[in-house]
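What follows is a short report on a single structure.
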Amino acid sequence: MSQFEKTPGWLDWYANPSKPQFKLPAGAVDAHCHVFGPGNEFPFAPERKYTPCDASKAQLYALRDHLGFARNVVVQATCHGADNRAMVDACKSSGGKARGVATVKRSISDAELQQLHDAGVRGVRFNFVKRLVDFTPKDELMEIAGRIAKLGWHVVIYFEAVDLPELWDFFTALPTTVVVDHMGRPDVTKGVDSEEFALFLKFMREHQNVWSKVSCPERLSVTGPKALNGEQNAYRDVVPFARRVVEEFPDRVLWGTDWPHPNLKDHMPDDGLLVDFIPHIAPTAELQQKLLVDNPMRLYWPEEV
C-alpha cells in the first residue's frame, strides 16, 4: 500500500487499453507522458495540489510497447514539484529510449543541470495553470531559460488560452525553442475560427521557435464522444483545432498520450483509442511521419538525426 492517500475522486489510468487500429510509423515517439512515484520510492512533493495514483516507469514502458511506440518523452509531473528523481529514474532505465523534461528552481547548480542533461533531460517546463502550481516570478523563469539555453534545451509552457495575451511578451522573449502543451488549451466551444484560437495561430505564425503538442483531446473536448468502448471517432470537437495546427505547422508539432492522464474529472480514456485519434488530425502518411517521428527526433535526439 502507498503511504499516500489519493485525492478523492481520482481517476486511475485505464487498465487494459485496446490495441490501436492505427499502425504507428516505425520509430514513433510518445512525446508527452508522465510517471507518478511510485510514492513509496519517490515521494510526492509536500506542496503538491493533488495526490495521484502510482504510475511507474515499468507500467509506462509496457504501454509504450503495447501501443507500438518506440520512445517516450517523460515530462515532470506537478505532483513531484522540482524533485525530478522519478522522471530521471525513468529516463535512465529506458536504455536511451526516453528523454525528459524537468522542473527546476533558480537555486539549481550548473553541475545539477549537467547531471540532468546526462540523464537525458532536454527541456524545462514552466506551468502557468494556476490550479496546478504556485506562482513563480517571471524574472526567475527567464533566468532559468537563459541557463538551460546554453545546454541546447527548450522550454515547455503550459497555460490556458485565456491567459495568452498577458503572457505573450514573456513567451516571445524566451531565448530557446518553446513547446506549447496541448495547443494552449483552447476553448473548443468557441470554434476553430474564434479570436482566441486565432491569437494562438498568430503566436505560432510570428515566432518560428514556437512548437505545439496537439495532444490531450480528452481534456479539451466538451461534446466527445469519449475514447471508450471501441469509439473510432472520438473527440470530434477537438479535431478541427489540432488538424489546423498540424497542417499549418507540420514541422513544429508533437503528439503524446499524456498517460497517466492526471486530474481528469469526467472519464479516463482508452489509450489505444487515443492513438486511433491521430489519423483524424494528421490525415496523411507524410504528416504522421513528421508529427510522430521526424519532429520529436529532431528536438529530443538530434544526435541521431
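Quick reminder: no glycine exception, Cβ is built from N, Cα and C everywhere.
In sequence order, Y158, K213, V214, S215, C216, R219, L220, D258 are the residues near H182 (substrate binding site), counting only same-chain partners six or more apart with C-beta under 8 A. As annotated by Swiss-Prot, substrate binding site applies to H32, C33, H34, Y50, T78, R125, R131, Y158, H182, N263.
Under the DSSP three-state reduction, D258 (active site, proton acceptor) is assigned to coil, being neither helix nor strand. The active site, proton acceptor feature in Swiss-Prot is assigned to D258.
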Secondary structure at H32 (substrate binding site) (DSSP, helix/strand/coil)? strand
Report, as a single number, how many Cβ atoms besides its own are within 10 Å of the Cβ of H34 (substrate binding site). 26
Please work out the number of neighbouring Cβ atoms within 10 Å of the Cβ of T78 (substrate binding site), leaving out its own Cβ. 24
Using a 10 Å radius around each Cβ and all protein chains in view, which of these binding-site residues has the most neighbours: H32, R131? H32
